[in-house]
Amino acid sequence: MTLEIIGVTVLWTFLFGYLIVASIDFGAGFFNAYSLLTGRQHILTNVIQRYLSPVWEVTNVFLVFFFVGIIGFFPKTAFYYGTTLLVPASIAIILLAIRGSYYAFETYGSRGHKGYSFMYGLAGLFIPAALSIVLTISEGGFIEMVDGSPSLDYYALFTSPLTWAIVVLSLSAVLYISAVFLTWYANRAGDLEATNLMRKYALIWALPTIITAAGIMVELRTHNQAHYNNMMDIWWAFGLSFLLYLGTVWLLVKRRSYGLSFGLLVGQFFVAFFAYGFAHRPYLLYPYLTIYDSFTNEAMAIALIIAFIAGLALLIPSLYLLLRLFLFNKDYVRGKKDNHA
Amino acid sequence: MGNEEAVFYSRVLTELTLSFHIIYATIGVGVPLMIMIAQWVGIRKNDEHYILLARRWARGFVITVAVGVVTGTAIGMQLSLLWPNFMELAGNVIALPLFLETFAFFFEAIFLGIYLYTWDRFENQKKHLLLLIPVAIGASASAVFITIVNAFMNAPQGFDVLNGELVNINPLLAMFNPAMPTKVAHVVVTAYMTAAFVLAAIAAFRLLKGSNHIYHKKALFLTMKVGLVFSIAAAIIGDFSGKYLAEYQPEKLAAAEWHFETEENAPLILYGVLDNGEVKYAIKIPFALSILAHFNPTAEVIGLDQFPEDEIPPLYIHYLFDIMVTIGVWMTLLSLVYWLGVQMRWKMVQSKLFRWLIVLGGPLSILAIEAGWWLAEVGRQPWILRGLMRVEDAATTSGHVDTMLILFSGLYLVLGVGSIVVLTRMFRRNPVEQELEDRHATKGADIS
Ligand code: HDD
Ligand code: HEM
Ligand code: HEM
């Protein structure tokens, strides 16, 4: 393995981590807002307060890790993506800020302020849409060089079917991932009503997720032939991902082993995400930027990797402790204990 | 939008975001330490008042952390969005501390989540206190790492430029640059000082508003004591910062001191105004600048005459320096008098006026932080990387920065007002007296 591959694998892994934990968070916010409309909010508000409030800051750090890390490993990305992403990234930051403050303000402040809950729920849908634009741009065709500096062609971007396919996929994936997780969590909490509700949502969002994923393949075939061909070379990985998907849905339909069902879902996304990334290699941005020509110097790369290993040694036990206390602790999940400051 | 405009708006947006973030970040660095001290005193003295103090501070802390985190995320992304050319270079040389910082964030975030949701979950209180240590370490470590990046901007080293290419890169050398020791120490210590005085201001305010509970008196005495220690440390390290400047960034010191001619026995100019290049109404302290710069009353101090016109930073940083130093000295005196007064049982320190002065000390300390950063950052102009890259060469070429500026201004307004409203409401709805009664927390001695 070359240093470049190690670097990009580390970043891709953390991005995957963000994808899962943030989807749970975003989706929960949306379902919460939706159930406010339908007058069933007590079901979800509990779960959000019990599980999401203690961990939202950690979720956020996954994102920070990614965008700081990519500048470290691939400094040239600052030039290409930094210049072009000003608007979508700024919008995402503002929406993230609304969500972040919601947890703190809502837990202590004006509990149940409806307007804020709606903003919070909607922000959770717009963020993945804004962030997923980056994936679209990376496929190439939307950035031109004007006087030596890159500029984004918004018209081409917003009229491309690829853009919208990816946006729709990001939305339905967020809702799907979140619903499957919350089914499991509500079930552990022994909350039958919430389990059934979330199970219904999970089944609703399963189909659009897989259809849009397939749709993106079709789009890529015309948009970025090279990437498409690379993906076809590893078609079996996408096949495996599909089988895992079927497993999740089957378990949900049969109302069995919600934990395993969530595990299969993580597997499904893991395989597809890495297969997609693998086929994207070596480009970070078609056709300007590859992981090789944008890579940092060797001294920095080695320093970052050493720092990363040391950091993981610190991080993994701490994360384990966090999950044990808030996700796997029966008393806490069931709401028997409230030890909040 | 021409690129000049893009540069201008990028500057304004950076200034705005950082000036806003730094308020919450400073509190975020300092308050965990204060919570730790209070909880520790409480456990050791078996005094419920201190424990409750820690608990209530922790609750307020959640709000400030949230705003700190979201604005930090904003500035973190904005660095790449607004200064892509700078970040490309920085990514090659100074990415290590930025990367380490994310681990500090992880560490802090994880244990903060645990700490907040495990009150009374342990039989042994000390175990709960242990969970706070990683929070305090993580918070201070984030300040250390980010300040190292800023130190690098002031005194870049650890690489060579050969034909426009970066070579011989040494990430550790870049981190341990000459600006780093004084800058990191001064930033961390002033954050502790500010947190202490902000909490003192709250306690004094409660006492003024009619609550005469011993709880607030204990809080006030504790925070003023800690504030005194750190304000003395801030002044001492600030003095070393001056010596660093004299050696490595003489133009910043000279601009801050309106020191136009290189000379020996240099006097220190305090206050005053600049009128067509003439300093008026200033207080001149003989030899003091030579002492500040070199520990030696007769030493030569480099003046602005040694620098080309277009490399001299704006001269208004003199006022910022004065503000910072005046507040530093003032807070040291105020906390010293208070401490002595409590020991000697002077009536004066219980007076309304004195308490109002303590209340004022909180905002003043934050003002000192702002003035200090503006001094340091504006004093670096026109460079973004001193001697290597100018600000105008670093900025984005995107044409939408002005719109983003409006959006972010709105966001900070909402966050600023929101956090203040939520904090006041939170404590007003749940007064200490009530909570002490609910917890039957009657044990607790007098101030000692
Ligand atoms: C409560 C806040 C506070 C207080 C009371 C002081 N400072 Fe300060 N000062 C800061 C907060 C600060 C800061 C915000 O932390 C700065 C801005 C950037 C930095 O490195 O630290 C700073 C920068 C800074 C610099 C510029 C360093 C550089 O640009 O590299 C100097 C020379 C001093 N300080 C000196 C002093 C002196 C002699 C003080 C005497 C009392 C003093 N400061 C009190
Ligand atoms: C690692 C830490 C920091 C980095 C990388 C950094 C970076 C920058 C950059 C890129 C600029 C714009 C260029 C310029 O106009 O000088 C800037 C300016 C500025 N920064 Fe910093 N900064 C850091 C810390 C801070 C902090 C904590 C503050 C606190 C408020 C701050 C306050 C300012 C101000 C006020 C300016 C405007 C100077 C001017 O242009 O007039 N900086 N900084
Ligand atoms: C250019 C300058 C800066 C950048 C890019 C930056 C970046 C960030 C980021 C990304 C976060 C959010 C982390 C999370 O998700 O948990 C954050 C929070 C934080 N920052 Fe900054 N920061 C800067 C300046 C500073 C300075 C100068 C200090 C200290 C004096 C500081 C102290 C903190 C602390 C303690 C937090 C944690 C939140 C809290 O406890 O309030 N930052 N910063």
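Here the Cβ of each residue, glycine as well, is placed from N, Cα and C on the backbone.
Here's what TrEMBL has on this protein:
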TRANSMEM  B:20-41  transmembrane segment
TRANSMEM  B:61-82  transmembrane segment
TRANSMEM  B:94-117  transmembrane segment
TRANSMEM  B:129-153  transmembrane segment
TRANSMEM  B:184-207  transmembrane segment
TRANSMEM  B:219-238  transmembrane segment
TRANSMEM  B:316-341  transmembrane segment
TRANSMEM  B:353-376  transmembrane segment
TRANSMEM  B:404-423  transmembrane segment
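Counted as Cβ pairs under 8 Å, contacts with the transmembrane segment (B:129-153) are highest for B:20-41 among B:20-41, B:184-207, B:316-341, B:353-376, B:404-423. Across B:94-117, B:219-238, B:316-341, B:353-376, B:404-423, the stretch most heavily in contact with the transmembrane segment (B:61-82), judged by Cβ pairs under 8 Å, is B:404-423. Cβ atoms under 8 Å from those of the transmembrane segment (B:404-423) belong to residues 9, 12-13, 16-17, 20, 24, 60, 63-64, 66-67, 70-71, 74 of the same chain, restricted to positions at least 6 beyond its ends.
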